[in-house]
Amino acid sequence: MSIISLQVCRDTLYKYQNLIIVIGLIISFSGGSWDITFHILSQPESFFSYPHTLVYTGIFIVISIFFINIRKNISNNNPTRNDNYFILLGAVLILAAGPIDFSWHLKFGLDGLLSPPHVTLLIGWLLVGLGNLRITNNLINLTLKKKRSSKSNSVDGGDLDYQNYDKNDDELRSVNNTAENTFRKELTVIRFQLFLNLSFILLILSGFIYFFSLPFSETQHYNYNPDPLIAFFVYSLGFPFLLSCFFIRILKNYPEFDEMVLLVGSFYVIIMLLTQIVSNPFLFEYSGYYLLNIIPFVVIYFLNKVQIKNRFTQKKTLDTPSLSNDKAKKYANIQLYILYALIISISLFTICFPLNTYILNEELYGYLLYQNLVPKVYVQLFGDYFLIIISLSIVGGLLGLGLGMGKGKSAASKYNLV
């Protein structure tokens, strides 16, 4: 009986493996982001500090869940085998980052933000996240394909039973309702998994930008701080490029999940709020103001909903599609995407607070920046250099828009579902 129970437990873990893995990834990354604040505040460094404990907890969840069913994950019969190799390689790098970090501490003492063990961990996180996202996309495709198939079978069944409709009406309705409820439950889990996966990928990619722009990598034994001017452009162009490209890509690739921009954007803001502001006593009073950064994503969400509604209305009123209508629709989409990119680009000066203050200060002022001075310097940057910062941000956002609007198929369009 215990063997059967153990097998049932393993099968259940395998069914929800990728959802649990991405939760572990987010826990781990949140600990890493919080650790940056710990270093900024010059808190005592220890192996079991609160941020480190979060990092280890998340890593333990990821590694244990994946390796419990390692044979299934890399089996030749597994259609997601190649994607699981991404996860396996990332897990190996994550595990290797621990001993590397320990050796680095023994040799150099306190390490900076940009160091070999931290980069190893970040790459490992990214590989696991990408593998997990690919599997989630595959689940979306299969679920939507199954939905299309069930609809087709339902129509065929209705034709065959037309003469005995009164007799079989209740049975057909019951079967269809059961299938519909099952589909909704599956899609709800997948929707939640997709939301967490996209959020994590965004967090990791923004982490890479911060790694190569923040001036937190100088120690007694080495100085890996980027050149201030290079860091200035990496931040000023990199973040608008990333967020503009990322969110436009979400709108293009996941039109069935039109709430993803709002959910992912809000989640990013909340994680930054908790790990960079709430955890910092010098910035805690600005928490409410920082939450206002959700507004741009709310605006994009509702604008996109209006666009979808208008498109659906036009589709019903127009009897036959024409080339001129297709061109007008494409032009309207481009205009809307440009507006989205501009909204994101203009908002980034506040979204990236407080870490952007350190990056910009390094090149533009060169102050010795204490924690109690961060809000004051941030306001000074706004007054002295806002036009320059916003102009660069818009350039980066439009460049990201160009890449985001590149070729890409949605999950549903792959099976001609939309």
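Every residue, even glycine, has its Cβ placed from backbone N, Cα and C.
Keep in mind that TrEMBL annotations are predicted by a computer and have not been checked by a curator.
Quantities reported herein were computed from a predicted structural model and do not represent experimental measurements.
The transmembrane segment annotation in TrEMBL covers 20-41 (among others).
According to TrEMBL, the feature transmembrane segment maps to 53-70 (among others). Packing against the transmembrane segment (53-70) from elsewhere in the chain are residues 10, 13-14, 17, 20-21, 23-32, 34-35, 84, 87-88, 91, 94-95, 128: each is 6 or more residues past its ends and has a CB under 8 Å from a CB in it.
Residues 21, 59, 62-63, 66-67, 70, 73-74, 111, 116-118, 120-121, 123-132, 134-135, 138 of the same chain sit 6 or more residues outside the transmembrane segment (82-102) yet have a Cβ under 8 Å from a Cβ within it. The annotation transmembrane segment is assigned in TrEMBL to 82-102 (among others).
Residues annotated as transmembrane segment in TrEMBL: 122-144 (among others).
Here TrEMBL flags 194-217 (among others) as transmembrane segment.
The annotation transmembrane segment is assigned in TrEMBL to 229-248 (among others).
Under 8 Å from some Cβ of the transmembrane segment (260-283) lie the Cβ atoms of residues 26, 30, 33-34, 36-38, 40-41, 194-195, 198-199, 202-203, 206, 247, 250-251, 254, 290-291, 293-294, 296-298, 300-301, 304, 351, 353-355, 371-372, 374-375, all in the same chain and six or more residues away from its ends. What TrEMBL records for 260-283 (among others) is transmembrane segment.
Same-chain neighbours of the transmembrane segment (289-306): 247, 251, 258-259, 261-262, 264-266, 269, 272-273, 277, 336, 339-340, 343-344, 346-347, 350-351, 353, counting only residues six or more beyond its ends whose CB sits under 8 Å from a CB of the stretch. The annotation transmembrane segment is assigned in TrEMBL to 289-306 (among others).
The annotation transmembrane segment is assigned in TrEMBL to 337-360 (among others).
TrEMBL lists 385-405 (among others) with the feature transmembrane segment.
Of the candidate ranges 122-144, 194-217, 385-405, 385-405 contributes the most Cβ pairs within a distance under 8 Å of the transmembrane segment (337-360). Segment contact is absent for the transmembrane segment (194-217) and the transmembrane segment (385-405), given fewer than three CB pairs below 8 angstroms at sequence separation of 6 or more. Among residues of the same chain six or more beyond the transmembrane segment (229-248), those with a C-beta under 8 A of the stretch's C-beta atoms are 201-202, 205-206, 209, 212-215, 261, 264-265, 300, 337, 340-341, 344-345, 348, 351-352, 356, 359-360, 362-364, 389, 392-401, 403-405.
Within the same chain, residues 18, 21-22, 25, 28-29, 62, 79-80, 83-87, 89-94, 96-97, 183, 186-187, 190, 193-194, 197-198, 200-201, 204-205, 207-208, 211, 256, 411-412, 414-415, 417 sit at least 6 positions outside the transmembrane segment (122-144) and bring their C-beta atoms closer than 8 Å to a C-beta of that stretch.
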